[in-house]
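Participant: Below is a structure I'd like to ask you about.
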Amino acid sequence: MVQISQIGAVLAVCSTLTVAAPTKGKARFNVPQVAVPMKAVHHPAVAYARALHKFGMKVPKAVSDAARGSVPTTPTKDDEQYVTQVTVGQGKLNLDLDTGSGDLWVFSTETPKDQSQGHNLYMPTSKSKRLDGYSWEITYGDMSSAGGDVFLDTVSIGNVTASSQAVESAKKVSDQFAKDKATDGLMGLSFSVLNTVQPKPQTTFFDTVLKQLEKPLFTCTLKHGQPGSYDFGYIDDSKHSGEIAYTNVDNSQGWWGFTAESYSIGGGSNSTHSFHGAQHRGTRGSSIDGIADTGTTLMLLSDDVVQEYYGKVQGAKNDQQQGGWVFPCDAKLPDFTLSISGYNAVVPGKFMNYQAVGSVCFGGLQSVGSSGGVPNIFGDVFLKSQFVVWDTEGPRIGFAPQA
C-alpha cells in the first residue's frame, strides 16, 4: 500500500546498502504464499476507501461512511488470508508483498504490547544497526497508520539474503493494523523512489538483491481462493500457458504503470470498446493508463466502464449505504477482458464477486471516479487472473494465462 504523501513524489534513493552475494548473479528462488486463518473480516468498503486514498483520489462520502461505520465480523472456518513468510533479523514474519509501495515495515519489540499482541515480532539485536535520526510514517486511505524508526539488518527470502536491508520498525500502529493478526507487516516491491524513510529514502529488498539474481525480474502467480506464489530471478514456464505478452512500464511515479488499449464485457462481436467514450459501442479512441498493484484488493476503473459492466448484471446497483456497487450473490457475472499490447487478459466473472455484505455481494470492480488525471488501478481482482512478469529491464511488464 502507498501512503497519501507519495503521490507524484520522485525521490533520490540511497544507494549505500550492502548486499550479501552468494553465487552473485545466479540466484533464483520461489516464495509460496501461506494461508493464515482470518480473525476478522472488515466491510469491503474499507478496502475500497484504502485503494482510493492510496493513490490520492477523493473518497466519496458514502464510501467513507461505510468504511468508518463498519466493524469486523467473525469469518467462517474457510476464510483465509494469503501472506508470505520472510526472515527478518532472527525471526520469521508473515508479510504482504506489495508492488504499490517501497517500504519494508514490520511489527517489532518496539511496538507497544497492546498493539502487537498476536503478531510475530521483529527483534533488533546487537547485530542490528539503528539509523540514528531516521524515521518513517505512513497513513493509509482508511486512516490506518504506522510509524517508527529504522534499522539495517539481514532479510532473507529463499536462498537470497540482503545483509544490510532497511527494516522499518513500528513504534506505533493504529487499531486497524493491530487487529489484523494475519500479517506482521509489509514488503514493498515498487521502484525504490517510493520509499518513505526520512531524511534519506532506502532501497527496496528487490532492488537491494537485484545483482544477486539470475535475471532482474520477479513473477507472481496469485490465485483466486487459494495461495499463490512469487518467483524471483527467473520465469517458471510451467506456471503459464502460451507466450508472455510484454508492454512497456511507465515508472516515472515509482509504480508499475502500463497501458491497456481497450476492454470488452462478456462475449460477442459487438462487445469491444475503447476506454475513451465507453458509452459508444465499438468506438476506438484513447487508451487507458493504469497501475499494476498487488497491494490493492480491488480493480478500480472509470465510472462509465464500471456502470456499463454492472448494467449487464441483474439487480446490481450503486448502494450508498454499502459504499459501492453491489448485486445479488447469485447473480450471473460476465467476464471482463482487457486488451494489452494485443493480448486479451480475461478476468472471469466469478472474480468480480469480492465479498458478501448482508444479503448482497460487493463487487470486485469499483469506480475510480470521473475526474481526469486519476490512475486506474489493476489490483488483485485482475492480477489473480494472470501470470505476471515484473521486469526491471525496459522496464516492462508481461502477462500470460495461468497454466
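Cβ atoms are placed via backbone N, Cα and C, with glycine included.
What Swiss-Prot records for this protein is below:
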type     : residues      : note
ACT_SITE : ASP98         : active site
ACT_SITE : ASP293        : active site
DISULFID : CYS329-CYS361 : disulfide bond
DOMAIN   : 82-400        : domain 'Peptidase A1'
CARBOHYD : ASN159        : N-linked glycosylation site
CARBOHYD : ASN270        : N-linked glycosylation site
SIGNAL   : 1-20          : signal peptide
Participant: Just checking: which of ASP98, ASN159, CYS361 have a Cα that is within 10 Å of the Cα of ASP293 (active site), counting only these recorded positions?
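Facilitator: Passing the 10 Å Cα cut: ASP98.
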Participant: So which of the active-site residues is most packed in, judged by how many other Cβ atoms lie within 10 Å of its Cβ, out of ASP98, ASP293?
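Facilitator: Buried the deepest by this measure is ASP293.
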Participant: Which number gives the other C-beta atoms within 10 angstroms of the C-beta of CYS361 (disulfide bond), all protein chains shown included?
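Facilitator: Summing over all protein chains shown, CYS361 (disulfide bond) has 23 other Cβ atoms within 10 Å.
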Participant: Let's check the environment of CYS329 (disulfide bond): how many other CB atoms sit within 10 Å of its CB?
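Facilitator: Total other Cβ atoms inside 10 Å, all chains included: 15.
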Participant: Per DSSP, ASP293 (active site) is which: helix, strand or coil?
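Facilitator: The three-state answer is coil.
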Participant: Under DSSP, is ASN159 (N-linked glycosylation site) helix, strand or coil?
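Facilitator: Assignment for ASN159 (N-linked glycosylation site) reads coil.
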Participant: At the level of the C-alpha atoms, what whole-angstrom distance separates CYS329 (disulfide bond) and ASN159 (N-linked glycosylation site)?
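Facilitator: Here the two Cα atoms lie 44 Å apart.
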Participant: Using DSSP, would you call ASP98 (active site) helix, strand or coil?
Facilitator: strand
